[in-house]
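Accompanying notes for the structure given below.
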Amino acid sequence: MTDYKDTLNLPQTDFPMRANLPEREPQTLARWQTLDLYRKIRKDREGQPKFILHDGPPYANGRAHLGTAFNKTLKDIVVKSKTLSGFDAPFVPGWDCHGLPIELNVEKKLGKDKLSANAFRQACRDYAFSQIELQRDDFQRLGVLGDWQHPYLTMDFGYEADTVRALAKIVANGHLLRGQKPVHWCAACGSALAEAEVEYRDKASPAVDVGFEAVDAEAVRQRFGVKNATTRVLVPIWTTTPWTLPANEAVSVHPELHYALVKSELQNQPVYLILAKDLVDSAMQRYGVDDYEVHGNLKGDALEGMQLQHPFLDRIVPIILGEHVTTEAGTGNVHTAPAHGLEDYFVAEKYNLPINNPVDARGRFIPDTFLVGGQPVFKANEPIIVLLADSGHLLHSETIQHSYPHCWRHKTPLIFRATPQWFIGMNKNGLRERALAEIEKVTWLPAWGEARIGKMVADRPDWCISRQRLWGIPIPLFIHKKSGELHPKSPALMEKVAQLIEKESVDAWFDLDPKVLLGDDADHYEKVTDVLDVWFDSGVTHFCVLEKRRELKVPADIYLEGSDQHRGWFQSSLLTSLAIRDKAPYKSVLTYGFVVDSQGRKMSKSLGNVILPADVVKNLGADVLRLWAASMDYTVEVNVSDEILKRASDAYRRIRNTARFLLSNLYDFDPKKDKVAVDQLVALDRWAIFTTQKLQEKIITAYDRYRFPAIYQAIHNFCTVEMGSFYLDIIKDRLYTSKESGLPRRSAQTALYYIAEAFVRWIAPIISFTADEIWQFMPGDREPSVFLTQWFSDFPNAALSGEEEQRWQLLLQIRDEVNKALETYRNEGKIGSALTAEVVLYADERLNAAIATLGEELRFVLITSEASVLPFNEKSKAAFDTALPGLALEINVSEFEKCARCWQRRSSVGQIKEHADLCDRCVSNAFEDGDMRQFA
C-alpha cells in the first residue's frame, strides 16, 4: 500500500503538548523581567483612561497562604482584563508592616528587654523587609504583574510621615476624641495585650447568681399584669467575675427575648424573679426551687429603663438593651460593667453610661473602693460573695471550670480594664451619617455587602485608634497637663513631626525633646507615646498612596478583598477618607468568601487539610492555581482540595490542547497572504468566526462585571462543545486532506486564525503564563507579549442571519444525536469507527430545512462516510427515534472500501487505476486542483 503521508497537511507545531508548568513558568517570568513587561505596558497605555484597583496590603509576616494567593490572583485577573480593554491599569502592591505579630517574632528571636526601643524598632523593620521579600517572590511566581520594584510599605519613612499628615487632617477636621476603652490587661506585664498575645486556658472561677432589686416593684409587677401584690421583685444576673460587681453600671436584656415574671420563695421569703422564659426551669433548678409560678410574658424591650438597686453600693442602675445577651447560660439578664468588658463597653456607650474603673495597672482595686480597696481583683471575689450572701442578694454560688484568657508570657489570668485611648468619634461632625450616605453611592459586589457594611457602621462604637506598643506609627500629640486639651496648634506641629519622620523614621518622634517644638510651653504639655492601630495605617492608603503617586488616582475604581474586610479595611478606609476629604476612597467594592476545604472547613494543621500555594505551584503550576481561582464562585465560601485542583488541572489540559490544535494547523498560514475574504469563506467557517465573535462579547462583558466563573465556563464549553466536539472535529478532514493552499483549507485556517487571536486574549488574564507562551507561537508579526495588546477586534463581518444561526444550532443538536447513536453501535460491536458507517436521517420539515442545503457535505458534518436525508414519515423499519423531536436515524455499515488517505469508505475507491486505493476526492486533493467546499 502506498504511503500518502507526504500528501497530507498533518498538524505540526513546536508548542509543547505537555505543559510542564513548574519548569516552564519561571522561564516566562524571566522573559517578562528581561522585557521589563510591566513598564512596557505602562508606556503603551500612557494617556489612556485610568482604571485603578487598589491593593489592600497583606501583613508582612509569613509566606503567602492560599487565601492571599486567591486574593492576588483575582486582582491580577481584573487588572489584566482592564489592560486588554485599553485602560491604563497600573497595579501598585503594598504591605502592612507594623503591629504585634512582627513584634512577637522579633521578641522571640532577640528579646525585647535586651534592646533599646530604637534598636527594637529597627529589628522589626528588618524582619518585615525579610517577610516582604518572601511574599513578593510568591506573588510574582503566581504571574501577578505589578510595580514590584516600587511597592508601598506602611513602614517607609515617607508613608509613616504621610500617615501623620492624614491624622493631622482628621484632627483639624475635629474627628479625634480621647476616652476610655476596656482592653485585655496583664497585671504581671503592667500593660495591655492584643488578641494575638492572649491564650485560653481552663480556670476555676466562682459562678454566682446575684439579685438586683427593682426600685419600683409595683410598676414592674403591673407591667407583667400582676396586681394587688406587695412582694419584692429581683432581676438575677449570673457572672463568673464577682470582682467586677463594684464597676456595675447596668443590667442588659435582649430586646427580642421573651421574659417571664416568676413567683417563688427564696431564703424563706416570697419573691418575684424576672428571667428569660427559656431559662426559667434551669435557673429555678439551680436555686433549688421546685414550686414556682410563671406570670406574664414580656419582650426584653419592654423592660428598658427599669431602675434597679445595686446589690451593695449606693447606686441605681438601669436595665438596658443589648444584642449580646443569649440564652446559652445564666438568666437572660447580663451584669454590665463597661470598664471590664468590650460588649459591656459598647452597649453602655449607646446609653452614655459612666466608665467606672476601680482597678489599677497592677490589677488591684484602688484604695477607696468599698470593701475591697487595695486587694488583687481575684482575691476580692471571696469577700464580695460573703457580702452578697449576708445581704440576701446571693441566689446561688458554685465553682466552675471554664476557658479563660491568660497572658501568653506569664500564663496568668487576664482582666479587662478600661484605659485612656484615642478614638475617631463616629458621631462627631456627623461622621456616621455621612458614612452611611456614602455607602449608598458605592457599588457593592455582591450587592448584600452594602447592607452588611451599612449595619456595621450604623452600630459601631467610636474607633479606638491608639495602641500602647513599640512598633508602630506614633500619635504625635501634646496634651495640656492640667486641662487635658490638645495643643491648639496640633495640626501644624504634626506637620513638623511628619517632616522629621520623613528623614529619620518614627524614632524622630520618640526621641524628640518637646522643647524643640514647644519651647517654654513644653513644661505644660505631656507628649503622647501611643502608636496608631495598624488598621489606621492601612486605612489611609487612599491618602498616602492613591493621592500621592502620580500613576494612581482617588477614588480608586475598585477595592477587592475578603468579606471580613467589611469590618476591617473597607471600613477603616471609608471612615478615614470621609474624615479627611468627605468622600469614599472607592467607587466599587468586591468581596469574596473564605477559602475552605471541600467540606467547608477552615484550613488547619490539626485537620491536616492545609494546602500551600507554593506546593500547588511546584506540583501543578501557577496557571492551574489561577484557573482554580477563576472557576470558583467567590460570592460564597471558596472550596479547595487536591481533588478540586485535579479538576482544574484537567480543565487546563483541555484549554491547552485546544490551543495546540489551533497552532498546529496554522504552521503554514501567513495572515497577510493567506486570509480568505469573508464572502469566500466556507459556511461552517463563517459560523465559527461569528460564534467566536459573539462569545467574545459575552466574555468581555463578564470580565467587566467580574463574573470569572462565567468566563471559565464559557471558555471550557467553547473548548469542549462548540469547538472541541463540533467545529474542530469537523474541519480536521479539510485541514489534513484538502489541497495545501486550496480555498477549503485556507478558509478553515482563516477561521482558526481569528479564533486563536481571540482565544489567546480571553485566557490571558486567567492563565497568563500559558497565554503568553501561546502568543510566542502565533503566526504573523506581533508585539512581544499578549499583554501589550487589546481584545482582538479585527474580525471580518461574518454576521449570520437569525435563520442561519438557527440552522447551525439545529445541526449541533442533530450531530449530537448521531454521535450518541454511533457510540452505542460502536459499544455493541456493530461498527468500528464512525467512518465505517452510513447514516440515513429521517427528518421532519423543520429539521429538513436546516440540513437539506448541505447536500453531499452533510457527511463531513457528521464525520461519516455517507449521509442522506429522507422525510420523517418515510422511516424504514430499521430506523429508530432520537431524543430530538422530528429526527429518526438508520445506521448501516458501509460496504465500500476504505480510502487509504482520508479513511472514508467511498464507492469511488478503486475507480481510478493510477490510485486504486484512493477515493476521487483524495486524488483531486493530492494530485490535481483539489476539491471545493461550500458548507463544511
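Here the Cβ of each residue, glycine as well, is placed from N, Cα and C on the backbone.
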Where Swiss-Prot places motif ''KMSKS' region' among the ranges 112-116, 322-326, 602-606, 742-746: 602-606
Range annotated as motif ''HIGH' region' in Swiss-Prot, from 58-68, 146-156, 872-882: 58-68
Reported mean pLDDT - the motif ''KMSKS' region' (602-606): 77
Environment of CYS899, CYS902, CYS919, CYS922, the listed Zn(2+) site - residues of the same chain whose CB lies within 8 A of the CB centroid: THR737, ALA900, ARG901, TRP903, GLN904, ARG906, VAL909, LEU918, ASP920, ARG921, VAL923
Alpha-carbon spacing, CYS919 (Zn(2+) binding site) to GLU561 (L-isoleucyl-5'-AMP binding site), which is rounded to whole Å: 63
Alpha-carbon distance [GLU561 (L-isoleucyl-5'-AMP binding site); CYS899 (Zn(2+) binding site)] in Å: 61
CB contacts for CYS922 (Zn(2+) binding site) [other CB atoms within 10 A, all chains]: 27
Residue counts (helix, strand, coil, in that order) that DSSP gives for the motif ''HIGH' region' (58-68): 3 helix, 1 strand, 7 coil
Pairwise Cα distance for CYS902 (Zn(2+) binding site)/GLU561 (L-isoleucyl-5'-AMP binding site) [Å, integer]: 55
